[in-house]
Amino acid sequence: MADNMRHVPKGSMTYGEDGTGGLASSSNQTDDLEDEKGVFTQLKINPSEPDPAASKGFTFSQVNCWRPGSSGKLVCCNFSSDGRILASAGHENKAVVWNMDTFQTHHLPEEHAYLITDVCFRPNSTQMATSAFDKTIKLWNATDTRFSHHTFSGHKYPIVSLDFHPKKTDLLCSCDRNGEIRYWDVTQLTYLGAMKSDFGRDGPLVRFQPSTGQLLAATTGNVVSIFDVDTRTKKYTLQGHNKDVQSVCWDNTGEYLASVSQDLVKVWSVSSGECIHEVSSNGNRFYSCVFHPSYTNLLVIGGYQSLELWDMVNNQIMTVQAHEGVIAALAQSPVTGMVASASHDKSVKLWK
């Protein structure tokens, strides 16, 4: 894998000033690395997930591959909280759940009328939700895939994303292409209200802040807006992308947020609202991202056919050939240390 590593030009990166935290800048940023292969053996391990292989060097390899045998591109995927179930969906209008213990798959019924745009598990549950271009949200149980258990309707435009609150686990958020963000109670099966943003056409992806759920990140165009969940008011806007933001992801602590456009990835400190790291693409277009579940300094970026593993502190990228098309979505499980990738090539792959 060393042959696939490259050193990112230092001029393309902006570092934080405090020098603290998992993603803060290293003290010797201006020094050239004597051994490029050593960078990935020095990555910071998440203390909650000890890795006995860390001292032997970093590895990132394919564990399994699944192709649903359909004609539809895959555009989303998500792990259950315990990492034992993976769900994926896309243009085939139905989702598939993958048992991580047995690697058996189960197809959900094709109840959506149009393509599925997002899938998300309720925290600490086998319940999951899917959103679609048919303007509906459907609730499912991944252990009983015979039919959906409820349908939420009310959006006037195709729904582009949804997410469960990490603490108030009965709270579900969804957003449509017109920028309307709606809140739902999945226990009482009720609509809780809406927030019309200033996003306009092609509304945002929405992602709750992990751990506390105090903030909601929403993308539109080339900006990311941060909202206070309780007051439903905008706190600030993250700007700096020239092209539309394709994806956002939080680190597991909720302290950092990554945003991806086709030519640029930025990592932001949520407390300051400042960009602390950034990297430009090197010919490959970027589409998705996820923080590595075990190595806090490592961001996995999905591009066209390849995954880019970016060590943000040491400013180094390792390229892994992964798919035969756009890698539209990434997910990770901090419990198992697994990363999943879903692609337009109609396959889902597992990495560790």
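Glycine is no exception: its Cβ is also placed from the backbone N, Cα and C atoms.
Here's what TrEMBL has on this protein:
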REGION    1-37  region 'Disordered'
REPEAT    109-150  repeat 'WD'
REPEAT    152-186  repeat 'WD'
REPEAT    238-278  repeat 'WD'
REPEAT    320-352  repeat 'WD'
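Helix, strand and coil counts under DSSP for the repeat 'WD' (320-352) come to 0 helix, 24 strand, 9 coil.
Secondary structure counts, DSSP: the repeat 'WD' (109-150) has 0 helix, 20 strand, 22 coil.
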